[in-house]
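K.L.:
Before we start, here is the structure in question, set down as structure tokens.
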């Protein structure tokens, strides 16, 4: 039997990128922004006057290297690899300076994944997997397999896709019905 494949986004799915951006912007501009303030919006729409600072933070060398891993992501992804071909599909073209940081981060926190399964791209319609777990509705819209939205503060009002709220939900979605 052929194994199904799952492509997984990195930012806001495997890694808490937004939390780190908010911390850095708050520190540099003394803002005090809380995650809850986004309420269905992107950070750049909540503080448009600081869009340049957000870009500066994202382009800072090392930014993507030190992100926190989302709770349970490592253990669930490892379990998924026992039954599925798992790929990491990250839109690194949005921040071209992020390539090496993202690669090193993936090697450190997901050492059980084959680096040949890391896909650094722009638009994820090039990824030919059975499933895509992503927080970005634009990427899910163009994906040709089954799109699964990973909940993030900016997408909470989007109901166009099947949704998982956490890595425990991902585990339940993909592994609960696997025959043992």
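Any Cβ shown, glycine's included, is placed from N, Cα and C.
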K.L.:
Given that Swiss-Prot annotates 9, 11 as Mg(2+)-binding, name the residue from 114, 130, 135 that shares the site.
P.N.:
135
K.L.:
Taking every protein chain shown into account, which of the binding-site residues 9, 11, 135 has the largest tally of Cβ atoms within 10 Å of its Cβ?
P.N.:
11
K.L.:
Beyond 9, 11, 135, what residues of that chain have CB atoms within 8 A of the centre of the Mg(2+) site's CB atoms?
P.N.:
10, 12, 13, 14, 15, 17, 90, 91, 134, 136, 150, 152
